[in-house]
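Accompanying notes for the structure given below.
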Amino acid sequence: MSKARVRARAVVGDIGGTNARFGALLTDDPHALSDIRVYPCLDFEGLADAFQMYLADSGLSTDCLSVAMACPVERDIVKMTNNHWQFSKRELLAQLGLAELRVINDFTAQSLAVPLLTDDEQLVLHAGEPGLPKPKLVIGPGTGLGVGGLVPTANAWVPIVCEGGHVAATATTAEESQVIDYLRERFGHVSAERLISGQGIENLHEAFSHLAGETEPEDWTAAIIARRAQEGRDELSVKSLNTFCAMLGTTVGNAAVTLGSLGGIYLCGGILPRMVEFLLASEFLHRLHHKGRFERYMQSMPVILVTAPYAGLLGAAAAVDNTHLDYIGSVERRHD
């Protein structure tokens, strides 16, 4: 006799360019996620296959999927920016036999998670003036560069949905201008994400190798370059990661001053928690604060590194009961 499946209130997902993360929400508490599993996106044709694998592996069933996607989610067709996955929300709802499908942007999920973070899920990089009920910037590099935010209302924080990783990259030095010029020959539009992401670290190393007249090893990934830089093993790796940190500071500062992020700057994503010491020793904070007459204004903003390993899942869980979802994402429901 087969064992009866445990019924989850919802399955939540956080789908990035590289990995698909799933967890089960069995109660009303977003923190109480269980059976978290991570799958490589390349192993699946799309979301439906990965979701069904998760149900098979976990022994769960559900009528609700709440999923965060690293791409725009406003239309029925959702197409990932940094991998091959795409789907129709209406068709996926029917294919999976769900009663409800909730879809939000991955940095909307990160933003929803921020008010729920515990003290041990945050690392203060710059104290600033904490506790102000003002807008918060949520930003961070992973496979791409995600950007979101939160604005306070009378009784809740409401996410700002945006695609700020695709603004034009900003050079502060002549050398950064040379890097952007080099990448422009390949990409045309050189977005911030082309430099401030895992792929960005690789692009920086390639550009500096080209400018130095050196041949870049073909198999050097962002992880290898970052590790060699932190170990001080070669000049180009150190230069690439230092430039990544500096340009991250400029980009974060530009977004923060635009939003007026006096409520704090929250750095998310999988890259930065692995290089905290290097980040703090770099020009990151100097570049972030370097806004001329507004330097004191910038220095008043707390800068927080989010260390929660599954903040995206926490945000997707918070979206299950979020009453603003028709404005900040989408809800598809089965009509029996």
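Using N, Cα and C of the backbone, Cβ positions are placed for all residues, glycine too.
Feature annotation from TrEMBL assigns ATP binding site to G13, D14, I15, G16, G17, T18. Here TrEMBL flags 301-320 as transmembrane segment.
Other residues of the same chain near the ATP site, with their Cβ within 8 Å of the Cβ centroid of G13, D14, I15, G16, G17, T18, are N19, A20, R21, C41, A68, M69, A70, D106, T143, G312. Annotation: D14 carries the greatest number of neighbouring Cβ atoms among the binding-site residues G13, D14, G16, G17, T18 [cut-off 10 Å, Cβ to Cβ]. In the three-state DSSP classification, D14 (ATP binding site) falls within a strand.
In sequence order, R21, C41, L47, A50, V67, A68, M69, A70, M80, W85, D106 are the residues of the chain that are 6 or more apart from I15 (ATP binding site) and have a CB within less than 8 Å of its CB.
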